[in-house]
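**Student:** Following this message is one structure expressed as structure tokens.
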Amino acid sequence: MVPLTNSPLPRNMIENSMFEEEPDVVDLAKESPSYPIDSDDVVYEPRSSRLLVRGLGENDLDEEEEDYESSARLLGMSFMNRSSSQRSAAASSYTRQQPSNSCSVPSAKKMVVGILVLVIIAFVAMFIYFVPRCTFSKDGCQKTNSSIEQLYPKASNGELFPWTGLRLPASVHPVHYEISLQPNLTAMTFQGSVAISMVVLQETNKIVLHSYDMKIINSTFQDEKVNILEYKPWQQIAIKVSKELKKGEIYVLKIHYSANLSNSYDGLYNSSYIDTNGKRRVLAATQFEPLAARKAFPCFDEPAFKASFVIKITREAEYISLSNMPKVKTTPLGDGLFEDEFEKSVNMSTYLVAFVVANLSSVSKNVSNTLVSVYAVPDKKDQTHYALETVAKLLEFYNRFFEITYPLSKLDLVGIPDFLAGAMENWGLITFRETTLLIGDHSSPIDKQLVTSVIAHELAHQWFGNLVTMRWWNDLWLNEGFATYMQYMSIEEVFPELDIDNEFLSVRFKALAKDALNSSHPLSTKVYTPEEVAEMFDSVSYEKGASILLMLKATLSKVAFRKGVIEYLKRYRGLNTQSEDLWMSLSQVTNPHTDVAEMMNTWTVQKGFPLVTVNRTGIQVNLMQEHFVLNADNATDHSNLWHIPLTYVSDICNNSSSCKQVFLFKDKTATIEVSEKVKWLKFNYRSDGFYIVDYGEQGWRALIIALKENVNVLPHEDRAALINNIFALSRSDRVSFRQVLNLLVYLKNETETAPLTEALTQLNHIFMLLDKRSDLLLVSRMTVGLNIFNLLVQILQSWEEESSVSKQALRSALLETACHLGRPNCTNQANRLFVQWRTSNKTEHIPGDLLKTVLSVAAQTEKGWQVLLDTYKHSIYDSEKRKTLQALASTQDVRKIVWILKAALDGSEIQTPELPLVISTVCRHSAGYLHAWDFVKENWDKLTQKFSIGSFPLQSIIMSTTSQFSTKTHLDEVERFFGSLKERGSKMRSVQEAIETIKLNIQWMDRNLVTLWKWL
């Protein structure tokens, strides 16, 4: 899946979009669910009764249910020894009286008799107290298994639910689903039935699966009616059978149900759009990743429960239906209804099942015996041709590269008008946002780069994720990291004119920035709850995953890496895997043999990345590695070590891959020797490795001198990496900001896109902080600071068409910054182009890479803003529509800011999936960022209804509204607000990231404001 970001390219983070490996029961003593368990749902168990539970026989717990004490703690149980406390209470009521002076001492005989009487009385009293009252009743006591009652939660009907874990038991495995669905696009409901054939792997008397927010009408097991138990907090249902299910036998569970179409962009949800005639059209589509198949049909909704599917869809005549497999037949049902039946699918995980019911048009072609089709709403059919040609070329490339032919007979790509993710890799039915699939006549090369990138990512998933699937969400990076790596690699091979290497370098820098925070997480990390699973869809799983694969390929060689990948896909075809399986496949093809797991586990099981510190004395170069954390005072572990494939070049040989020297750096420190003639060293050649380098004062000085003398002394990737590294080191207070400024001086001679855009990104971050502090004098001086970009003067004169994607990206970034800072020679030219465009009835073309900048300048006037609002409502070109929306959200008019935030939340005139983009754009400007923050606080409950807790859109909203705060007052407010949410989002990792980022901003400002004043 690709989470959609606000950056020009989907960072998969294009896939919009978001794990403990195998325990079948979660130890909630360690990992509490984010949803509270009602105390009425559980009964308490004396500690001693755990011994009874162990020997219950097979009502007993299956072996896969973890330790009972942990499970009980998970359910919030408190273990009490009631009999002990009662005995203490009873004993305390018998206190010895002090004899009075008038009493005579009783004889020994009387004393013995008295004590005996007291003992008898006490025994009778205790017997009556402890024996249940029902013992003396006419009917007597009913036998109960108190241990089971006290361990299991209560189902919604009050009965005991027979399972105690968030993960499903492994005793039963689904084999095949027969699913029939009938969406009602008028009432926004649907009816369904599912027949699940399952094999028993371990004898059991219960079946537990997932279901969410459904009304179950009836159910049968082996054609006999059964009662369905539901435990809503864990989205689970279960049946209990009187006789044990036999190992190896096949059983069938049938369930008929009804539900509402989802309004939160997951599950089976309703979507709508306005056509060119002004009529609202509706459709139904699915988004099941990660945990929403259970919202459409009862199922075993975990990746490892692969099965085959036959799907039947009942629809009205005006719609078509699509699913993963080709359609077998259509049967008229009467009353204008038709039933479409699709072929039996290959085995796949539930999150890959998909169906669409809509009025769509398509274009198709046959590619390598696969019928490839691109679908869109009828008004946009003419925008599908670029995607069709692109997917055809990429499909042929992947078939050759993986040496495994795409296994299905058809492949559909569908543009959904109201879609939250950037795209979703459903097997044979890939769904997209329209902006990531459709290309119009006036789309720019940058727009084509975006669409190509998303298609390449989703198509790679057909092998990585669909054919071979991670076992559990803790290894999500196996899906998303590989698909992200393959998207960049394949485009570089098939579409070199799109200059994708600069984009890949940029997203690696962004991954480093996120992974440098304490709030980051290992690539492979324990996750249990739905919220924790959703949070895995972030730049660590996507871009860091891709980055370490790039590093591994550079270490093993392109040929060996490909062989290992092919071995992995062929060995585990149709199966579920974990990281170790990939490392084993790669190790087997290396010559000489390399223990890939030993090296790569240091990159996947611990968070963060290393900082390599270089200290040269003569011919000796001393190296030291440590965990790089921006806020080092709060670092949790200084002992982490990585196996770093350290690469370096020198002034003697530096601009060719043959110059690269490699050293496997495994220990805390190491020493290498170089020639006395070497003036400088540059480590991490072309930034292929996922680490940063500090050269020390002497080393930085030598590199800066070299760049000032000859800008081409290093490849452009290395120049960009030096800029990225020195800003990161400055932020962690390892180098002074004065040193940063010394390096930036060389930029007056820089002409390449990667170094210039990286410098611009870093300086823009500082400008945003100053802008939000209302430091108007410093903000105005930042405009002067742009003079370090000598190329800007030339670019300000160039507003014509530009064919190079790389040059378009650079021009777009520079002009957007210049106009945002109010440079008159930028804003005047932008206004001139806008007037020409408006007066020509929008036929006068504005270059696509300049469109957002031009429209954003125009949006600062009342007339211009109204023209753009009308354009947004009526445009059928999605790239133009999205840039227009960003321009509308850049207004400085508070009334318009309030309106656009509300409209995007309501989904009335602006589709709700665009809300994260609207908030991000509003927050870029001083007039709007506090309004956006207040809006989030006031509408938090509505936001979490639209976007689930932990989801990528919610992560984006949190970071957009808080990442530019740099005062103690704002820090306190953010901590106070999120702390008050409790189970409604306070534990999200993105909240910790936001707080950490604000603290870093405060520290940076405190240290560097004076230096910044002097520079400007």
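Backbone N, Cα and C define each Cβ position, glycine as well.
Pasting the relevant annotations from TrEMBL:
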- E458: active site, proton acceptor (ACT_SITE)
- H457, H461, E480: Zn(2+) binding site (BINDING)
- 173-352: domain 'Aminopeptidase N-like N-terminal' (DOMAIN)
- 386-603: domain 'Peptidase M1 membrane alanine aminopeptidase' (DOMAIN)
- 680-999: domain 'ERAP1-like C-terminal' (DOMAIN)
- Y542: site 'Transition state stabilizer' (SITE)
- 111-131: transmembrane segment (TRANSMEM)
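Would you situate these features in the structure and describe their surroundings?
**Tutor:** Counting every protein chain shown, 31 other Cβ atoms lie within 10 Å of the Cβ of E458 (active site, proton acceptor).
Per-residue pLDDT, averaged across the domain 'Aminopeptidase N-like N-terminal' (173-352), gives 96.
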**Student:** Within 10 Å of Y542 (site 'Transition state stabilizer') by C-alpha distance: pick out those among the recorded positions E458, H461, E480, and say none if nothing qualifies.
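**Tutor:** Near Y542 (site 'Transition state stabilizer'), where near means Cα within 10 Å, the recorded positions are E480.
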**Student:** Reported as an integer number of Å, what is the Cα distance between E458 (active site, proton acceptor) and E480 (Zn(2+) binding site)?
**Tutor:** 10
**Student:** Inside 10 Å of the Cβ of H457 (Zn(2+) binding site), count up the other Cβ atoms and send me the figure.
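**Tutor:** Counting Cβ neighbours of H457 (Zn(2+) binding site) within 10 Å gives 33.
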**Student:** Radius 10 Å, atoms counted are CB only; among the recorded positions H461, E480, Y542, which position scores highest?
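**Tutor:** For the recorded positions H461, E480, Y542, the Cβ with the most other Cβ atoms within 10 Å is Y542.
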